[in-house]
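S.K.: One structure, as structure tokens, below. Some questions next.
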Amino acid sequence: MRFNSFRCFFAGLLLLAGLGFQAQAGLFDSNPFGKDGPLQVDDAFHMDFEQLEPGKVRLLWTIQPDYYLYRDRMEFSSLDGRSEVVGRIDAPSEEKDDPLFGKVQVYHEFAEVELQLASLSTEAVDDRISISYQGCWEGGICYPPVTREISLAGIPSRDIGGVGTPVAGSGTDAGPGDAAGAVAAAAPASAVSYGVGSEPVSEQDRFVGLLRNAGLAVTLGAFFVAGLALSFTPCVFPMIPIISSIIAGHGHRISTARALGLSLVYVLAVAVTYTLAGVFTGLFGANLQAAFQNTWIIAAFSMLFVLLALSMFGFYELQLPSSWQSRLTRASNRRHGGTIIGVAAMGLLSALIVGPCMAAPLAGALIYIGQAGDPVLGGLALFSLSLGMGVPLLLVGASAGKLLPKAGLWMEAVKAAFGVALLLMAIWMLDRIIPTRATMALTALVLIVSAVYMNALDRLPDQSGGWHRLWKGVGLILLVYGLALMVGLFAGSRSLVYPLQGLAGGQTERASLAFSKVTSMDQLQPMLEQAQRSGQPVMLDFFADWCVSCYELEYVTFDDDRVRQALSGFQLIKVDVTANDDAAQRLSREYGVVGPPALLFYDAQGTLKPQLTLIGVIQPEDFLRHLQRLEG
């Protein structure tokens with residue numbers, strides 16, 4: 001019967017996957033659900049540029065299928081009048097009998113143009129270059145001419161050297177067979193690629209570009225690797241004790257294959273839930289995971305962890321009436337006994353409640369789904385990302401089944417250890433809705449009682465073996481940390497990581513970064529206007545009480561002395577979206593934030609720099625390098 005259940009489950013999964021790929025032809029374009037209208041111009045013709053060397057730039061267009069660009073409609077000029085185009089190489093084009101312009105030269109799939117520029121003065125100059133181009137859709141629509149602007153630095157004069165004879169006359173092709181080679185050969189190995197505009201795009205926008213331009217296999221592979229990179233973040237790590245306790249609930253009777261199968265069911269349930277929640281968020285703009293972060297749901301899920309922990313301890317018959325005991329035992333057996341439906345249900349709830357998080361790959365997929373309306377490609381990317389995040393869970397589940405001891409006292413000790421882990425998970429969940437001091441007190445209580453249970457205060461018998469000594473050592477560590485939390489609590493500390501931070505004699509406690517807190521646009525707008533008048537750059541920190549990564553950002557990145565110094569001249573504003581109400585959702589929509597944590601920056605002139613947006617946790621060193629881009 002169990003084998004048949006596994007077979008039905010995976011047959012259904014394969015059927016769903018087959019239906020998804022069957023729909024690929026109609027849904028993998030940017031106009032799903034049978035919409036035949038043309039793309040937005042920037043989606044149809046995506047432009048980048050590379051400054052190969054001072055005075056030399058390569059322009060590149062990625063052109064979507066069924067679209068084309070006119071070669072002779074490409075025009076280039078100086079906006080500031082400081083330089084001129086002295087040479088141009090066009091990649092080979094195709095002849096087309098166009099109903100609008102007759103026989104013309106066009107580009108399909110991609111276009112490249114290399115420009116040589118020279119300063120009009122005797123010195124090297126910086127200049128802004130205007131680039132105009134026009135294209136059409138094979139479906140019968142031609143776009144109006146589009147103008148884009150790029151900034152180039154250090155354009156040399158003809159007299160300085162480095163600007164030689166024009167490489168080609170304006171508007172001419174290099175001969176077929178050598179044009180593409182000439183363009184490619186002109187780029188040095190150290191050429192730096194830029195997006196349109198003078199600054200690189202943000203990290204999440206790189207993932208949006210990957211979804212738009214890369215092949216399916218490359219896209220899914222990249223998102224799987226990104227999921228692996230996220231696998232030990234707060235998005236995934238809290239799920240490890242859950243899957244471990246599910247396997248441990250079986251005791252020594254479970255085989256490695258069965259443990260791996262149950263772990264796979266759990267991971268697939270988490271992955272499917274992340275995928276559906278992500279597609280829902282991208283299409284409808286409502287964060288399903290955020291909607292589950294309310295007091296009642298979190299409290300109920302924390303209580304479930306407590307009940308499961310008590311079942312691990314075997315306390316039901318001692319604590320509860322027989323009628324309640326039988327119900328809870330059946331519920332516990334269904335969860336821990338490992339039925340497919342029970343494990344899948346726990347995976348679904350874990351994805352929605354335990355680990356809501358945001359990172360650049362996830363944000364990129366959600367932005368792509370929302371902008372392009374393509375739920376299939378975006379959903380497959382999210383599914384691949386989730387599978388990558390689930391690899392450690394598979395390893396933990398399989399190894400738990402392999403490493404569980406045989407029946408005996410050790411088995412009871414292992415189950416008790418998992419029970420403690422579930423209690424700590426319950427406290428960790430409650431931390432989102434209760435004061436930090438209450439979290440510290442509960443954590444200290446669990447650790448101290450656990451240490452006593454592990455005989456941390458008892459003398460070891462003379463004949464004790466290595467395992468008993470290790471067990472006592474772990475108990476002593478838990479006891480010391482629990483006591484430190486209790487002492488720090490009474491001393492006024494608010495940190496689980498540094499409970500004794502305020503007790504260092506003679507040292508003054510460092511002040512936290514001074515964030516102003518807002519919950520609506522009406523509160524935010526005056527602060528932005530004031531910062532602009534005073535010429536002060538601004539950092540917006542999108543934050544929520546239920547966002548674990550937000551606390552990691554606060555306690556790791558913002559607690560670094562170098563980061564504090566670098567942000568000393570900023571107006572720091574914490575945008576609190578905990579409530580997920582209309583005001584919070586409006587703030588998120590206004591800035592294109594799909595979930596916290598997210599950091600956005602205004603320069604000293606009051607201009608928002610969307611290409612510098614940060615999603616997820618960033619280490620102090622990387623954050624400092626990121627700030628240098630704003631200053632530059």
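Each residue, glycine too, has its Cβ placed from N, Cα and C.
Any TrEMBL annotation is an automated prediction that lacks curation.
The signal peptide annotation in TrEMBL covers 1-25. The disulfide bond annotation in TrEMBL covers CYS136-CYS142, CYS235-CYS357, CYS547-CYS550. Look at TrEMBL and you will find 214-247, 259-284, 296-316, 337-370, 376-397, 409-430, 436-457, 469-491 tagged as transmembrane segment. According to TrEMBL, the feature domain 'Thioredoxin' maps to 489-632.
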S.K.: Can you give me the Cα-Cα distance between CYS142 (disulfide bond) and CYS547 (disulfide bond) in Å, rounded to a whole number?
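M.R.: CYS547 (disulfide bond) has its Cα 46 Å from the Cα of CYS142 (disulfide bond).
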S.K.: Which state, by DSSP, holds CYS550 (disulfide bond): helix, strand or coil?
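M.R.: In three-state terms, CYS550 (disulfide bond) counts as helix.
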S.K.: Given the disulfide-bonded residues CYS136, CYS550, which one has the fewest other C-beta atoms within 10 angstroms of its C-beta?
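M.R.: Counting other Cβ atoms within 10 Å of each of the disulfide-bonded residues CYS136, CYS550, the minimum falls on CYS136.
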S.K.: Identify, among the disulfide-bonded residues CYS142, CYS547, the residue whose Cβ has the fewest other Cβ atoms within 10 Å in this structure.
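M.R.: Counting other Cβ atoms within 10 Å of each of the disulfide-bonded residues CYS142, CYS547, the minimum falls on CYS142.
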S.K.: For CYS550 (disulfide bond) and CYS136 (disulfide bond), determine the Cα separation and express it in whole Å.
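M.R.: On Cα coordinates alone, these residues lie 45 Å apart.
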S.K.: Can you see whether DSSP assigns CYS136 (disulfide bond) to helix, strand or coil?
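M.R.: Once the DSSP labels are grouped into three classes, CYS136 (disulfide bond) ends up as strand.
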S.K.: Tell me the Cα distance separating CYS136 (disulfide bond) from CYS547 (disulfide bond), rounded to the nearest angstrom.
M.R.: 45
